[in-house]
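So that you can see what the record holds, here are the features copied from Swiss-Prot:
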type	residues	note
MOD_RES	Ser1	N-acetylserine
BINDING	Gly15, Ala16, Ser17, Gly18, Asp19, Leu20, Ala21, Arg22, Arg49, Lys149	NADP(+) 1 binding site
BINDING	Lys149, His179, Tyr180, Leu181, Gly182, Lys183, Glu217, Asp236, Lys335, Gln369	D-glucose 6-phosphate binding site
ACT_SITE	His241	active site, proton acceptor
BINDING	Arg332, Lys341, Arg345, Arg367, Tyr375, Leu376, Lys377, Asp395, Leu396, Thr397, Lys463	NADP(+) 2 binding site
Amino acid sequence: SYDSFGDRVTIIVFGASGDLARKKTFPALFGLFREKQLPSTVQIIGYARSHLSDKDFKDYISSHFKGGDDKTKEDFLNLCSYISDPYDTDEGYKKLEARCQEYESKHNVKVPERLFYLALPPSVFHTVCEQVKKNVYPKNEKSRIIIEKPFGRDLETYRELQKQISPLFTEDEVYRIDHYLGKEMVKNLLVLRFGNELFSGIWNNKHITSVQISFKEAFGTEGRGGYFDNIGIIRDVMQNHLLQVLTLLTMERPVSFDPEAVRDEKVKVLKAFDKIDVNDVLLGQYGKSEDGTKPGYLDDSTVKPNSKAVTYAAFRVNIHNERWDGVPIVLRAGKALDEGKAEIRIQFKPVAKGMFKEIQRNELVIRIQPNEAIYLKINSKIPGISTETSLTDLDLTYSTRYSKDFWIPEAYEALIRDCYLGNHSNFVRDDELEVSWKLFTPLLEAVEKEENVKLESYPYGSKGPKELRKYLIDHGYVFNDPGTYQWPLTNTDVK
């Protein structure tokens, strides 16, 4: 059971005039309200430096709302108000406290409940946290604070950030958001693994020969290169999103779904990870598309000339424990590729030849986005007079299996709801970040010493660096023979 908030809560969004708040935070709050997962009695206050009237603020945040009729939108916006003031002076926070107290006294709230959402860059985290604690955080209340990534740039900056925040708030009050943990298929991983004996019994190095977690974006930096140039793909999605997926995929069974039990097991498996071999990493940067219509990374005017920023990376992770020792695990991610997709591929050992001269390997594919799906590639006899086998699949595609009446929350909707309920399961704990930065910092330092970096160029809209296929084969992945597997419909020309 969780320590849930009640019906009279003040939700305060800092950075309310920013892109993140407009595109993610407020649409998520509206989505919860639309689905009656957020009480209609809460108060929502936006706080930012930008000078906006209440009307302009409401027009701004509602531009990305999905679904709901005009009445629902109007009812939600009636809960919202805006305060414009600097982040580093007391004045605005005193206005904020006055507005909170007015709401709480009007509704006779005995124990104030406040949720602070920091949709802000890390450079102002400390200032805002100090001001909140000083001016808007009475001792007798129940409060929670949501912090957005990045949680530092490396181990040193993470520790510095933690040193600033930990004296102000307890770990129980802090909710570090990695939106990948709110994705439906990621939340399904523990049930899939531990709720099915079929998988539970074979989820180990006796049966699995290869694991891949891949993240593909079909677009480049498109004018946002100035931000990406300082981050790179490893810091942007691999140290956080893909690592979170990997820990859920490889952790041991927790004693329960209790948040601390789950997070304890994630930390345990992280501690079994071997150091990443910086000499066994495939790095790339996209160039112009083959037809010349899409610009290369260095053509982005916001990028440093001759930048060595990594837009594609693949590397192997080794886990030294009884379950995973010897299984090659490859994380790979890239921008400006042929499609946008995130998925997990788990390949199993081959069956003994004997009866079969040639037979393909079983493979479990878990598609996180888009269009959530789980399918298991299996061998089956080709229908008709043939005695040949071909690969087919057992397929669970959410859109065809579950009726459209199912509300599948967006990642931010799911996570804000979890925070409201007091459920920490899908948020990142301090010691988890400490271990993950210890793992990734040496890799990042090696990659960012530019003289060491060998970047493979790949065309915008391609599958990635041409060396990728060989890299995957070298790390245990066996590709299907050409023509043996056809998706989604198998034709008579199957080999």
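Counting starts with 1 at the first residue shown.
Quick reminder: no glycine exception, Cβ is built from N, Cα and C everywhere.
The structure displayed is predicted, hence computed values, not measured ones.
Using a 10 Å Cβ-Cβ cutoff, Asp19 (NADP(+) 1 binding site) registers 10 neighbours.
For the binding site of NADP(+) 1, formed by Gly15, Ala16, Ser17, Gly18, Asp19, Leu20, Ala21, Arg22, Arg49, Lys149 according to the record, the largest Cα to Cα distance is 21 Å, rounded to a whole number.
When secondary structure is read from DSSP and collapsed to three states, Gly15 (NADP(+) 1 binding site) falls in the coil class.
Under the three-state DSSP scheme, Tyr375 (NADP(+) 2 binding site) falls in the strand class.
Among the binding-site residues Arg49, Tyr180, Lys377, Leu396, the ones whose Cα sits within 10 Å of the Cα of the residue listed as 'active site, proton acceptor' are Tyr180, in sequence order. When Cα-Cα distances from Lys149 (D-glucose 6-phosphate binding site) are compared across the binding-site residues Gly15, Ser17, Arg345, Tyr375, Leu396, the shortest belongs to Gly15. Within 10 Å of Glu217 (D-glucose 6-phosphate binding site), counting CA to CA, the binding-site residues Gly15, Asp19, Ala21, Arg49, Arg345, Lys377 contribute nothing. For the binding-site residues given as Arg49, Arg332, Lys335, the lowest number of other CB atoms within 10 Å of the residue's CB is seen at Arg49. Annotation for Tyr375 (NADP(+) 2 binding site): same-chain Cβ neighbours under 8 Å, separated by at least 6 residues, are Leu364, Val365, Asp393, Leu394, Asp395, Leu396, Thr397. Rounded to the nearest whole angstrom, the C-alpha distance between Arg332 (NADP(+) 2 binding site) and Asp19 (NADP(+) 1 binding site) is 27. Around the Cβ of Gly182 (D-glucose 6-phosphate binding site), the same chain contributes Pro409, Glu410, Ala411, Tyr412, Glu413, Ala414, Leu415, Asp418, Asn426, each under 8 angstroms and 6 or more positions distant in sequence. In the three-state DSSP assignment, the secondary structure recorded for Glu217 (D-glucose 6-phosphate binding site) is coil.
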